[in-house]
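Working notes, beginning with the structure itself.
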């Protein structure tokens, strides 16, 4: 399910399990926090959006699919923690299924972020001529096509993933054991696709779209809305880059070790540790997506407070928050008013 060092047939002689501390302490702690925060945030987002699924705005349709992708990705984390601490205990079927879900939703989530950026680009930079392309039915079809493309790219994981013994260990792992050299080749191919589809392509699209948005807004006359929109555009791009750039750099360097460009045991062990740390940072983006794209919106906060207010014990403390929320203009609303009422 995860990229294990089994593909590389060497480890340092004097270290039986150099990653034991990371697997038993760091990974459970970080993944546990990411899982709980991400489950809460995306669960609330999904609940609110489904309650008004017949009246969703364009961006909210993308957010619905993004929350689903993030939730499915988060559900694979407890299995990864268990494998790191005690080996793979869940059989071959779950190994293949969870490996597919992990790669599918990681890829689809990143591309959905690019779609949100492109949708905002259409709404702000080309507001009038692009409205036909922003109809709800077209957006649902776009998301469906995106899921199918990502599924077709990640299906080989089900072929090559299997349960086998770790190198120099009696523990089992869910990794690329099947078909020998072909599994190693697919691992390298999968890493290339991860670089391209999960990071570089979304980053290029987001960078171009949000840069165009900033230029367009700088030419507008609404200074307050413009400042808020520019801050959000910069924040979205910077957060995505900070979360996933370290992981992509680490994977690239680890690939050089796998290919034998740098045969160094110390570098190999260091990169294995770095993979766990940087992957954890990348997964934390699942927790930030609801905050960046939904929780800052007045409409979403209002609906969320109304949903929570149905719980009697929360009514008193939420009433004051709701009044405060309704009196504040969010950054998302600022973008909306900068262009047209049909933006979100």
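Cβ from N, Cα, C; glycine included.
Note that TrEMBL annotation is computational and uncurated.
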Look up transmembrane segment in TrEMBL and report which of 5-23, 62-80 it refers to.
62-80
In TrEMBL, which of 229-247, 248-266 is labelled transmembrane segment?
229-247
Could you pull out which residues elsewhere in the chain have a CB under 8 Å from any CB of the transmembrane segment (29-50), counting only those six or more residues past its ends?
56, 60, 63-64, 67-68, 70-71, 74, 77-78, 80-81, 280, 283-284, 286-287, 289-291, 294-295, 300, 303-304, 307
